[in-house]
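Worksheet for the structure shown next.
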Number of protein chains: 2
Amino acid sequence: MDKIIDRRDLDFVLYDLLQVEELTRYPRFAEHSRQTFASAIGTALAIAEQKFAPCNRKCDANEPHFDGERVHVIPEVKEAIDAFAQAGFIAAMYDEAQGGMQLPYCVTLACYAIFRGANVAVDAYATLTAGAADLIHEFGSPEQKARYLAPMLTGRYFGTMVLTEPQAGSSLADVETSATPRPDGTYAIKGNKIFISGGDHELSDNIVHMVLARIPGAPPGVKGISLFIVPKYRVDSEGRLGAKNDVALAGLIHKMGYRGTTSTMLNFGENDGCAGELVGEPHRGLTYMFQMMNAARVGVGLGAAMLGYTGYLHALDYARERLQGRSGKDPHAPPVPIIRHADVRRMLLAQKAYVEGALALCLYAGLLVDRQKYAATDEERREARLLLDLLTPIVKTWPSRYGVEANSLAIQVHGGYGYTREYAVEQFFRDNRLNEIHEGTSGIQALDLLGRKVIAENGAPLRLFGRALAETVLAARGCEDAELAQHAAHLSDAWERLVETTRVLGGAMAKNPELGLANASVYLDMFGHTVMAWIWLKQALVAWPKRSADGAEGDFYRGKLGAARYFFHWELPKTGPQHTLLRSLDTSCLEMQEGWF
Amino acid sequence: MDKIIDRRDLDFVLYDLLQVEELTRYPRFAEHSRQTFASAIGTALAIAEQKFAPCNRKCDANEPHFDGERVHVIPEVKEAIDAFAQAGFIAAMYDEAQGGMQLPYCVTLACYAIFRGANVAVDAYATLTAGAADLIHEFGSPEQKARYLAPMLTGRYFGTMVLTEPQAGSSLADVETSATPRPDGTYAIKGNKIFISGGDHELSDNIVHMVLARIPGAPPGVKGISLFIVPKYRVDSEGRLGAKNDVALAGLIHKMGYRGTTSTMLNFGENDGCAGELVGEPHRGLTYMFQMMNAARVGVGLGAAMLGYTGYLHALDYARERLQGRSGKDPHAPPVPIIRHADVRRMLLAQKAYVEGALALCLYAGLLVDRQKYAATDEERREARLLLDLLTPIVKTWPSRYGVEANSLAIQVHGGYGYTREYAVEQFFRDNRLNEIHEGTSGIQALDLLGRKVIAENGAPLRLFGRALAETVLAARGCEDAELAQHAAHLSDAWERLVETTRVLGGAMAKNPELGLANASVYLDMFGHTVMAWIWLKQALVAWPKRSADGAEGDFYRGKLGAARYFFHWELPKTGPQHTLLRSLDTSCLEMQEGWF
C-alpha cells in the first residue's frame with residue numbers, strides 16, 4: 001500500500017461513518033454501488049502506487065527548470081497524469097454520456113485523497129485541470145465547452161487558475177489585469193500574474209488559463225472582475241490548435257516544497273496580442289471563481305490531511321521497525337522498537353488523531369457537496385449547503401495546520417533521520433506548509449468564518465451544525481458507556497461555550513467590527529477543534545459496538561476509541577483558554593502600535 | 001543591521017534585564033566594562049554582517065558535496081570562519097594569557113547569538129570547534145592541550161563531537177565503537193558514527209574528533225564509555241602534522257536545512273589504523289561529554305531563538321513595506337501596509353513574544369554559567385548551578401519549539417512569497433526544525449526535566465526557582481500598576497499549579513515511573529511557558545517605569561509591555577488544560593497498544 005493511506009480506515013470512513021452507499025438512492029448515482037466505488041478507489045490506489053508515489057522524491061529533487069525556451073519537467077510526471085486522465089479521473093464526476101464516471105463528489109475525493117497522499121505536486125496539475133474544467137462546465141457557453149472542456153476532461157489540455165497579482169496578493173479587489181473588448185468579440189488581456197501553478201510546461205497539448213481581469217469601466221473592487229478563458233495556444237472553432245497566444249513566462253518560482261508543480265509568473269499581453277474569451281457575464285468572475293474556490297478549499301484541506309496521513313504511516317512503520325533504548329534500566333536488556341516508548345506513542349497517537357480526523361472531515365464535506373446537489377428535497381439541499389458553507393473555512397485550515405503538526409511529529413519520531421532527505425517525512429513537512437497559504441490564507445479563512453459564515457442567514461448554519469452535534473451527543477449518551485458519555489458531556493460543553501462565545505463576538509462586531517474580528521484566527525482554531533471532537537465522537541460511536549472483536553478487526557476499532565480518547569483528553573481542552581480570551585475581547589493585537597515592534 | 005538582531009533589545013537584555021555589568025565585580029572579569037562588552041558585540045555584528053549573513057542563502061543552495069576524494073564547501077564559509085577565529089571568538093572565554101578575551105559566558109553567548117542569527121550553518125563549525133576545545137581544556141592532559149587546544153583556539157584546527165551511532169541514536173548506552181589499548185599508549189578506535197556535523201571538509205588544517213567509544217571489558221551502558229581525541233591527521237609531539245588517520249568518510253547526509261554544515265557518516269578504523277588518545281580517565285567519557293552537552297544545549301536554544309529572531313525581523317520589515325488590502329470597505333481607498341491588519345499584528349506580536357523571550361532566557365542561562373563559575377560565595381555558585389541544571393532542558397527546547405513556530409508565522413506574514421526560496425524566511429524555518437532533534441531530542445529533555453532535574457536534591461532547584469519567581473511577582477505587585485499586578489497574580493497562580501502538578505507526578509512516579517513520565521513532554525512545555533511568563537514579567541518590570549518616554553525610546557518600552565501582555569493573555573493560559581491533563585495521570589498514550597495504530 002506504499003504507506004499512502006490505511007485502506008481499512010478509508011472504508012470505515014466512507015461506508016461506516018459517512019454511509020456513502022446511501023448516495024446510490026439518489027437517481028444520479030443509481031447505477032453505482034459499493035462495488036463500483038471500491039473499483040474506482042482500487043484503480044486510484046493502483047495508479048497512485050505505480051505512477052505517483054515512485055516519483056514523489058524525484059519530483060522534489062528535480063524541480064522544473066526553464067531553459068529560455070521551454071519548461072522542463074521530469075518525464076514521470078507526464079506518465080502519471082496520463083494514467084490519471086486515461087483512467088477517467090479528471091471526468092470522475094461528469095455524466096457517463098460525457099465519458100465521465102458519474103461518481104459522487106465524496107467518492108471522487110476519496111480517490112483524489114490517494115493521489116495527493118502519493119504525490120501532491122503531480123496531483124496538482126490534474127486537480128487544477130479538473131477545477132478549470134468545472135468552471136467552463138458550469139459557466140461556459142456551449143461553444144466554449146466544445147472547444148475546451150472536452151480535451152480537458154481527457155487530459156489533452158491542462159487548466160490553471162489565474163487570480164493572484166504581485167501587488168494584490170490576497171486582496172482580489174485590487175486585481176488590475178485589464179480585458180479590453182475587441183471587435184471580434186474576444187478581449188485583449190493585459191497584466192501580470194503570479195503564483196500560477198501549472199502555468200507553463202510541455203505536459204499537455206495546450207494550457208487553458210482561467211483568468212480574472214477587469215473590463216474597462218467596470219465597478220471598482222470585487223464587483224468589477226470578470227472571468228476569461230485564455231489558452232496558451234489559440235483554438236479555432238473546429239478545435240484545431242493555432243498560433244501561440246501572447247502569454248509569456250516571466251519566471252519560475254522556487255518553492256520550499258510542492259516542487260514538482262511548476263509555479264510561474266505569467267505576463268499576459270506583453271505584446272498586446274493576448275486574446276481571451278469572456279466566461280459567462282461581465283463582472284461576475286469572482287462569483288464564479290468562488291464557486292470553484294470552495295471546492296478548491298476542500299481540496300486543499302484534503303491534500304493537507306493526506307500529507308499528514310502518509311507521514312503518519314511512515315512514522316508508524318519506522319517506530320515499529322526501529323530498535324532503540326529499552327524499557328527498564330538494565331543495560332543488558334535488548335533494545336526495543338521505539339513504539340514501546342510512551343512519548344513515541346504520544347507522537348503517533350497525536351498524528352493518528354489529526355490525520356484520520358482530518359480525512360474524515362474532508363470526506364464529510366464531500367458528502368455535503370453531494371447532498372447539496374442531489375438530495376431529494378429542497379430542505380435537505382439547503383441544509384447541506386449551509387453546513388458546507390459554514391465548515392469550508394475549517395475544512396481548509398484545520399487539516400493544513402494540524403497536518404503540518406503531524407508531519408513535524410513524524411520527523412520527530414524519526415529523530416535525526418527524519419531531518420534528512422534520505423527519508424520521506426521531511427518532504428511531506430515542506431510540501432504541507434503551503435496549505436495554510438494558498439487558496440486563501442488561514443487569516444482570510446478566519447475572517448470568512450467569523451465575519452460571514454457564522455452570521456449568515458441569522459445564524460441558521462450554526463444552529464444546523466448544533467443540531468447535528470446534539471444528535472451525536474445524544475447517541476453517545478445512549479450507548480451507556482462511561483467513557484463515551486464523558487466525551488459527549490465535554491463536547492456538549494464545548495459547543496455551548498462556542499455558541500456563547502459567538503454571541504459575545506457577534507455583539508461586539510455589531511458595534512465595532514474590528515474588535516470582534518481582531519482575534520478571528522483563535523476563533524477559527526477553536527471552532528475547528530470542536531468540529532474535530534465531534535468527528536471523533538462520531539467515529540467512536542461507530543467503533544464502540546465492535547470494540548471487542550477479535551484480532552486485527554478489533555484492534556482497528558480499539559485504535560479508533562484510543563484516538564478519540566486522545567482527542568478528548570489532550571486536544572479539546574485546549575479550547576478552554578481560547579474561549580476565555582475571545583470573550584474578553586482582548587485588544588492586545590489591536591493596541592500594539594506599529595512603532596512599538 | 002541586516003535584520004539579524006535588534007541591538008536595542010540585546011542591550012536591554014544584557015544591561016537592563018540581566019545587569020551583566022555586575023559581572024565585572026568578579027575578579028575574573030575585572031578588566032572588563034560595558035565598553036569592552038560592547039566592543040566585542042560590535043565586532044561580532046560587523047563580522048556577521050560582512051561575512052556570515054551574505055552567504056547564508058548561498059550555503060543553503062550549495063550544499064557541501066563529495067567528489068570521491070574531497071568534500072567541497074563554498075569558499076565564503078572559510079572566509080567567514082577565519083574572520084570569526086581571527087577576531088578571537090573561539091577563545092572568547094579563555095584567559096587573556098592564552099590569547100583569549102576572558103569574556104563572561106553571557107556576553108560570549110550574545111556574540112554567538114549574532115553569528116547564529118546571521119548564518120547558523122557556518123556558525124556550527126565554529127561552535128563545534130569551541131565545544132571540542134573546551135573538552136580538551138577541561139579534561140585533557142597538558143600535552144594534549146599543547147598539541148590540540150592551541151591550534152583549535154586560533155581556528156587552525158576544527159573540532160567535532162562524535163557521539164551518535166546508527167544503531168543507537170539517542171540511546172548512548174548502546175554505543176559500540178571500540179577503543180582497544182595499543183602498546184604505545186594510544187587506542188585503536190573502530191566503529192561507525194553518524195550525524196557528525198563538520199565531520200569532513202577542507203576548511204582547516206586538521207579536524208579533531210572528540211569520540212565516545214568503549215574500552216574492551218568496560219561496564220555495560222553509560223558507565224563504560226570513554227572519551228578519545230581522534231585527529232583526522234596525526235600530530236606529533238612537536239605539533240607537526242603527520243599521516244592521515246584511519247577515519248573514512250562513509251557519506252554525506254543531506255538535510256532539510258542547516259545545509260551549509262557538512263553532516264557526515266564516519267567510519268573509524270576500517271583498516272585497523274585509527275589511533276585515538278584517551279581523554280581523562282577511562283569510563284568517564286559520558287560525564288565529560290555531558291558537561292559540554294549542557295553548554296551545547298544552551299547553544300541549541302540560542303540558535304533556535306536567533307533563527308526565530310531574524311525571521312521575525314524579516315517579517316516585520318515585510319509587513320511595514322508590503323501594501324495590501326485596506327482598513328475599511330471602500331474599494332477606492334489606497335492599500336495599507338499589512339502591519340495595519342490585526343491578524344498580521346497578531347502574528348508579529350506572537351513572534352516578538354517568542355523570540356525576544358527566548359533570547360532573554362538563553363542569555364539568562366549564560367549568566368547562570370558565569371555565576372556558577374565565578375560568583376563570590378559557594379552558596380551563590382551552588383544556586384546558580386542548580387538553577388542552570390533545572391532550566392537547561394527548557395532553554396534547549398522552548399526556543400526550539402517556539403522558534404520554529406515563529407518562523408512559520410514569519411512565512412505566513414509573507415504569504416505566498418514566504419513559501420519561496422526567493423525570500424529568506426523559508427530557510428530559517430527549515431534550518432530551525434533541526435533544533436528539537438539534535439543534542440538530545442525534546443522527548444529526551446522532557447524525561448531529563450521531570451525524571452531527574454525537578455527531583456534533584458530533594459527539590460532544591462524547584463524551590464530556588466520558585467524564590468526567584470516570587471521576587472519578581474512581589475516587585476510587580478509593588479509597582480502598583482493594575483496590569484502588572486494582574487500578570488503577577490497569573491504568574492503566581494501558574495507557579496502554584498506547577499508545584500502541585502509536580503507533586504502529583506512525583507507521587508505517581510514513586511509508585512510507577514512510567515505512569516508519571518508518560519506525559520513528560522506536556523510537563524516540559526507547561527514548565528517552559530511558565531518560565532517564559534516569568535521572563536516576560538521581568539522584562540515588563542524593567543520597561544514599566546520608562547513606558548512614557550518620548551519617541552523611539554518610549555516605543556521600545558511600550559513594545560515590551562505589549563509583548564508581555566500578549567504572553568500573559570494569549571500564551572500562559574494554555575498551561576491550564578496541561579495541568580489538568582497531567583494531574584489526571586492520563587494513560588491515553590500508555591494504554592494505546594502497538595496493534596491498535
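Even glycines carry a Cβ here, placed using N, Cα and C.
No curator has checked TrEMBL annotations; they are predicted automatically.
Owing to the predicted nature of the structure, the values given are computational and were not obtained by experimental measurement.
Per TrEMBL, the features are:
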DOMAIN    A:46-155  domain 'Acyl-CoA dehydrogenase/oxidase N-terminal'
DOMAIN    A:161-268  domain 'Acyl-CoA oxidase/dehydrogenase middle'
DOMAIN    A:284-448  domain 'Acyl-CoA dehydrogenase/oxidase C-terminal'
DOMAIN    A:479-593  domain 'Acetyl-CoA dehydrogenase-like C-terminal'
Segment-level pLDDT (mean, integer) for the domain 'Acyl-CoA dehydrogenase/oxidase C-terminal' (A:284-448):
95
DSSP helix, strand and coil counts for the domain 'Acyl-CoA dehydrogenase/oxidase N-terminal' (A:46-155)?
77 helix, 4 strand, 29 coil
Which residue counts does DSSP yield for the domain 'Acyl-CoA oxidase/dehydrogenase middle' (A:161-268) in the helix, strand and coil classes, in that order?
7 helix, 53 strand, 48 coil
As a quick check of your reading of DSSP, tell me how many residues in the domain 'Acetyl-CoA dehydrogenase-like C-terminal' (A:479-593) are helical, how many are strand and how many are coil.
99 helix, 0 strand, 16 coil
